[in-house]
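These notes concern the structure reproduced below.
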Amino acid sequence: MANFTPVNGSSANQSVRLVTTAHNHLETVEMVFIATVTGSLSLVTVVGNILVMLSIKVNRQLQTVNNYFLFSLACADLIIGAFSMNLYTLYIIKGYWPLGAVVCDLWLALDYVVSNASVMNLLIISFDRYFCVTKPLTYPARRTTKMAGLMIAAAWVLSFVLWAPAILFWQFVVGKRTVPDNQCFIQFLSNPAVTFGTAIAAFYLPVVIMTVLYIHISLASRSRVHKHRPEGPKEKKAKTLAFLKSPLMKPSIKKPPPGGASREELRNGKLEEAPPPALPPPPRPVADKDTSNESSSGSATQNTKERPPTELSTTEAATTPALPAPTLQPRTLNPASKWSKIQIVTKQTGSECVTAIEIVPATPAGMRPAANVARKFASIARNQVRKKRQMAARERKVTRTIFAILLAFILTWTPYNVMVLVNTFCQSCIPERVWSIGYWLCYVNSTINPACYALCNATFKKTFRHLLLCQYRNIGTAR
């Protein structure tokens with residue numbers, strides 16, 4: 001993260017060139033003010049990042065691969081808020097390092113490992129989003145929770161390997177410790193040029209990479225959002241006309257027999273299907289009811305024509321008495337049903353009586369199935385468009401969050417790293433307090449990150465509110 005400088009100025013860690021003489025110690029009022037401000041920032045940082053971690057833990061809506069990377073970043077920010085901020089504040093207020101060499105090295109190792117892990121997590125987030133928008137067909141299949149865990153572990157392990165051994169054991173490698181007891185800085189960073197080299201690798205190069213990636217992410221996201229944006233009236237009209245001109249599907253429904261009826265007979269208490277007649281007689285209006293013993297029928301509408309029932313084959317029953325031919329009123333079924341009319345016809349031939357049920361389609365053959373198919377296709381198309389728009393909205397939300405995080409990182413880390421660049425060429429050009437403020441701004445980035453999540457993601461914001469108000473039952477429904 002940052003680099004510390006001893007009082008004599010020979011080191012590159014100019015941010016901690018603290019005054020060690022009594023007459024340069026901070027006044028009491030100034031120390032109280034600094035302690036209050038930095039203590040408040042530390043508390044806000046700790047609480048904010050704990051809220052982030054709890055939100056991801058308890059709300060399943062936030063348990064995504066991208067948010068697991070944010071969880072890792074929140075862990076790093078929590079460590080900075082709990083330890084690094086307070087130890088550096090103690091160093092500033094006291095004017096010297098009062099905790100000894102061992103605590104100094106442990107603090108520096110922790111500070112640099114965690115800060116470097118933050119940068120690595122930001123790089124992972126940027127690359128992850130870049131591959132999501134540029135390779136939407138292949139990358140999501142490999143974007144699993146296991147892969148995210150491996151990437152997060154790699155970021156922390158690499159940061160530890162790069163900084164912790166060098167900070168803790170450099171004095172044993174060279175055979176002596178050159179850092180004074182009342183100061184705290186990294187021993188092997190004793191040259192401003194070396195410090196500048198580490199700043200290039202730890203800040204400038206990652207910033208360039210993340211900026212380029214974000215530009216590509218933004219362009220790709222805008223392209224996808226533009227593709228799925230709502231259509232204008234003219235576009236909708238043109239597409240509707242084209243849809244009406246091109247038939248969706250040719251109905252492959254067999255033409256019904258003349259009269260448009262299928263027949264079923266009620267015989268011996270059972271409803272059985274009877275074959276349609278081979279040669280139907282001429283139609284007859286329903287209004288002319290037949291009162292003879294040949295047949296009697298009912299119809300659902302006055303203008304619907306029907307044919308007389310054909311003689312149905314049945315078992316011989318000489319002893320069966322002839323039954324009167326009842327005339328039943330037709331029933332109209334549910335309009336949404338496939339059939340809408342029922343005709344009950346009774347025929348008496350000789351000594352047996354046969355009752356048949358005719359079910360007549362309400363619409364011409366093929367019209368209702370074709371309409372159903374069209375409605376199904378339209379429903380599927382609407383669902384697909386809605387899902388694509390929801391996906392585009394989620395992408396915009398994630399892109400906004402990444403932009404806010406990267407912007408906060410660049411704004412808070414740039415002042416210190418610019419001072420490192422200037423100090424390489426002019427070691428006396430930057431006042432000591434400016435160094436301290438610049439170094440503290442790097443810590444403030446850990447305070448800002450939780451606010452970025454809440455401002456750019458409504459689900460985070462609602463979950464934060466439920467946690468703070470102890471409304472635990474509403475956490476799972478926060479969206």
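The backbone N, Cα and C atoms fix where each Cβ goes, glycine too.
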Among Cys75, Cys184, Cys353, cysteine joined to Cys104 by disulfide in Swiss-Prot: Cys184
Lys57 vs Ile475, same side of the membrane according to Swiss-Prot: yes
Asn8, Asn116 - the residue Swiss-Prot records as N-linked glycosylation site: Asn8
Feature N-linked glycosylation site, as given in Swiss-Prot - residue among Asn13, Asn445: Asn13
Cβ contacts under 8 Å made by the transmembrane segment (68-88) with residues that lie 6+ beyond its boundaries: 16, 38-39, 41-46, 48-50, 52-53, 56, 99, 107, 110-111, 114-115, 117-118, 121-122, 124-125, 128, 145, 148-149, 151-152, 155-156, 401, 405, 439-440, 443, 445-447, 449-450, 453
Disulfide-bonded residues: Cys104, Cys184 - member with fewest neighbouring CB atoms within 10 Å: Cys104
Proximity of the transmembrane segment (148-170) to the transmembrane segment (193-215), 3+ C-beta pairs under 8 angstroms: no
Those modified residues listed as Thr459, Thr463, and which of them has the most Cβ atoms within 10 Å of its own Cβ: Thr463
Three-state secondary structure, which DSSP defines for Thr459 (phosphothreonine): helix
Thr463 (phosphothreonine) to Cys184 (disulfide bond) - Cα separation in whole Å: 41
Inter-residue Cα distance where the pair is Cys104 (disulfide bond) and Thr459 (phosphothreonine), in Å: 40
Long-range neighbours of the topological domain 'Cytoplasmic' (128-147), counting only residues six or more past its ends (CB under 8 A): 65-66, 68-69, 213, 216-217, 220-221, 224, 395, 398-399, 402
